[in-house]
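Below is the structure I would like to discuss, written out as structure tokens.
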Ligand code: HBI
Ligand code: FE
């Protein structure tokens, strides 16, 4: 069955993925045999470059779990990763053709299924890619799904997303995803480290996010985060910092409906954190 492709942002390009392969829930089969030697080589080179700069910049939980993805020389079969992941936290990876609409995305997360784009960028896009590809989704997101507390947070986020969709509050909740799961920073033993997938899969933003004096770094606070707009085409100008994954999980235990109501009356902050 053919589902509609999704385009976020102001992009003029059609999305890369072939959505005619997708089932009704937007998942598809990972066509592993279709990867070329060049695809595996791109993955290998991205993996090498990024894993080399993790010490001192990435959350320890991420570094510890990274080998669970399997051999770095080639794009893993998602089913192989699933043998380890499902045993660790009950999560499983499902292949998708690319970005999918919010409600099916939230639905998968609520079922502890993480959608992973199955295609990889072209060599000329080595440093920057507009849409998430398999390197971003797998290398960036999957290691922390091996952490039980973080894994529970992502599921709870999915459940919250389904509720936000019913309340017309997806945009506000998306900002929480952006500033935690994609671009979150954590303080570990007093030192700043990255745990967000958008940071961890980017060669340039990883040292920038953790060390540059340029961006603002604020303690994560729900209302503040959901009032802050974000940029999708540049390094972040504001990051939100947590003290532990438990803090993230506990913060989202509350009912968000009153927060959304409160947010309606509050001005937004620009992406640089100023009003
Ligand atoms: N689809 N495949 C995929 N990956 C995402 O990260 C993603 C998505 N659809 C929607 C979405 N993210 C955002 O709306 C988040 O804010 C939830
Ligand atoms: Fe992502």
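The chain as shown is numbered from 1 upward.
Just so it is clear, glycine is given a Cβ too, placed from its N, Cα and C backbone atoms.
TrEMBL does not curate its annotations; it predicts them automatically.
These figures come from a predicted structure and were not determined experimentally.
Quick paste from TrEMBL:
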type	residues	note
REGION	1-22	region 'Disordered'
DOMAIN	1-275	domain 'Biopterin-dependent aromatic amino acid hydroxylase family profile'
COMPBIAS	13-22	compositional bias 'Basic and acidic residues'
BINDING	136, 141, 182	Fe cation binding site
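Just tell me what is around each of these and how deep it sits.
For residue 141 (Fe cation binding site), other Cβ atoms within 10 Å of its Cβ number 22.
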Using DSSP, what is the helix/strand/coil residue split across the compositional bias 'Basic and acidic residues' (13-22)?
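Once the DSSP states are binned, the compositional bias 'Basic and acidic residues' (13-22) shows 3 helix, 0 strand, 7 coil.
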Any same-chain residues 6+ apart from residue 182 (Fe cation binding site) with CB under 8 Å of its CB? Would you list them in sequence order, or say none?
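Counting only residues 6 or more apart in sequence, the Cβ neighbours of residue 182 (Fe cation binding site) under 8 Å are 196, 197, 198, 199.
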As a check: which entries in 136, 141, 182, the binding-site residues, place their Cβ less than 6 Å from an atom of ligand 1?
none
